[in-house]
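Colleague: Here it is: the structure, laid out below.
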Amino acid sequence: MFIIQDYSIAILFCFVTMLCWGSWGNTQKLAAKTWRYEFFYWDYVLGLLFFSIISAFTLGSMGEEGRGFVADLMQADAGNIFSAFLGGVIFNASNILLSAAIALCGMSVAFPVGVGLALVLGVLINYFGAAKGEPLYIFVGVLLITVAIILNGFAYKKAQTGQKNLTTKGILISIAAGVIMSFFYRFVAASMDLSNFASPEVGKLTPYTAVFVFAVGVFLSNFIFNTAAMKHPVEGKPVSMKDYFKGTMTTHMVGILGGVVWCVGQSFSMIASEKAGAAISYGLGQGATLVSALWGILIWREFKGAPKVSNQLNIAMFFLFIIGLGFLIYAGA
């Protein structure tokens, strides 16, 4: 299977993760305007599962080092399979909660509170679960990125004054999404031998197998979580599955593309985790909030006509973000 050999390539893979996790949301904007998020999410999950399978049978099966996908899956301990599967279930629950929070209180609150909390807690959980890297630099980097995400939230709030009322329910759901999201990566990482991908411990999973099992967890849990979201939406009327099949092929393919893009990021993060460490891989990846902000500012023009203070907050946000990334990268060098 394909294995990263040095730290610099691992960091490059982490940046790809950040780009993917911060960019997949664009596919939702490209979907039909009348297409509900619940329908988009079915296609998104299918795309995620599809890429995990392609990756497992290509990069996860070629080369001389490591265990091939099929052999690895056959020898895996049930506990490790369950751990990666549970990571998928946890991720899916948090992602659907985050979408509900966005519907209730907007991006300006849901992302900084939800993803910001997931970043801080997730790095701590992953570091103490598999310590790698200089802790002082890791925590300083996380602190700077957290402040950057908060500034991003204030910038959105200033730009959207009066457009979306804050609700206690929305804030609480954002917090719940962030707390739950912070755990998913650790369960996937725990299923792997992070110290030796070339000759992994017997019973442990390679990153490719772990991502596949994770994707299966996302897919199967979607029949519970997304079905519940369709019947009890936080905004709009309940929808039925028959309406899903009324979408055009283009609309469905856009959703599938979104899942593929996100799973590329997840796969690259797992592949990088041996050399970079789980905490750094996760922390850099969750900087995706700022990538999504760049898309919003430069492409979707979400800050067009916004007050001057929003632009100032965004400049400060990117400045702190870049410094924070530098600390995270240096922590593992």
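Using N, Cα and C of the backbone, Cβ positions are placed for all residues, glycine too.
Sharing the record's features from TrEMBL:
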TRANSMEM  6-27  transmembrane segment
TRANSMEM  39-61  transmembrane segment
TRANSMEM  81-102  transmembrane segment
TRANSMEM  109-130  transmembrane segment
TRANSMEM  136-156  transmembrane segment
TRANSMEM  168-188  transmembrane segment
TRANSMEM  208-229  transmembrane segment
TRANSMEM  250-273  transmembrane segment
TRANSMEM  279-300  transmembrane segment
TRANSMEM  312-331  transmembrane segment
Colleague: Tally Cβ pairs under 8 Å between the transmembrane segment (81-102) and each listed stretch (6-27, 39-61, 208-229, 250-273, 312-331), then give the stretch with the top tally.
Modeller: 208-229
Colleague: The transmembrane segment (136-156) and the transmembrane segment (250-273): do they have three or more Cβ pairs under 8 Å, with pairs 6 or more apart in sequence?
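Modeller: Stretch pair does not touch.
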Colleague: Which sequence positions outside the transmembrane segment (208-229), separated from its termini by at least 6 residues, show Cβ-Cβ distances below 8 Å to it?
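Modeller: For the transmembrane segment (208-229), the far contacts come to 1, 38, 41-42, 45-46, 48-49, 51-53, 55-56, 59-61, 69, 72-73, 76, 81, 84-89, 91-93, 96, 99-100, 188, 191-192, 263, 266-267, 270-271.
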